[in-house]
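Per TrEMBL, these features apply:
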type	residues	note
REPEAT	9-31	repeat 'WD'
REPEAT	76-109	repeat 'WD'
DOMAIN	95-248	domain 'EML-like second beta-propeller'
REPEAT	161-202	repeat 'WD'
REPEAT	210-242	repeat 'WD'
REPEAT	252-293	repeat 'WD'
Amino acid sequence: MGDQQQLILATGGYDHTIKVWQAHTGNCIKTMRFVETSQVNALDRTPDKTRLAACGYQCIRLYDLESNCTAPVINFDGVQKNVTRLGFQEDGNWMFTAGEDHHVRIWDMIAAPPHCSRVFDCEAPVNAACLHPNQVEIAMGSQNGSVFLWDVKSERHERIVPEVDASIQDVAISPDGRYLAAANNKGNCYIWSLTSQDQKMSTLHPTKKIQAHSRYILRCKFSPDSRLLLTTSGDGTVCIWKTDDFSKWRELRIENYWVWDAAFSADSKWLFTASSDGIARLWKLQTKSTIRDYTGHTKAITALSFKDEIVGK
């Protein structure tokens, strides 16, 4: 199971707290205060696993996971509106954030304090962004229905609108770099295959439209082995799709609640979910059964982060 002490699940939500859990026991190790005026929109751990970044309304915070301190160690200045997503480049040298101020920003994390070194304007509020495994391209999804691919090095970009009058709620790129997924508020998930040649920017080829849910899709994510794609929804389900033909493989149900976020384990056999009943759950995908509940939040859990070695046997 790897180093069990390192198997850390982080959750955040509408109760203005971030909780850190031992994934294999369900014990809450630490509770950190977020901002009284905001829910937690996204969480991501630094690649060295020592710090946790969180974003919300007009705020980005960085917390130290190794100390007993529950206050943020870095408070990012001058952020406008809702910050919807964040993530780290694989060496931890820079972080990206996306927000409703229309911008995706690159933050230099080597500088002290970190500063914004590059900005991309999506010309509409940005709901989602994710980093390509090549570490130079960022996919973005905006409320006006646009999906962008931005090459951070060359500053080139491509824009596609898969469906008019639909807001893109999340974007994901498979770890093997083969697929880009974009999910919208109509319950549809669009898939493109990605190809790149000679260090040029990736090219997008429309591959599939999945009518995944009857309602709002909140998140889409690929599994670490790139064989599965998950979609979470306001309809109380997580649907798991096989990437060889994008057929539905599993459906996990949390009746009468929104499933806000989810994350696969490293071996792609287990799934963590965050939902509006204030409970995070660990599921065994093969049997569609819940193995563990993480209880302690008093309101909806809207974000979780788990990146690790293999959970459970």
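Note that Cβ sites are derived from N, Cα and C of the backbone, with glycine treated the same way.
TrEMBL labels come from automatic prediction, so no person has curated them.
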Integer mean pLDDT for the repeat 'WD' (9-31): 96
Residue counts (helix, strand, coil, in that order) that DSSP gives for the repeat 'WD' (76-109): 0 helix, 19 strand, 15 coil
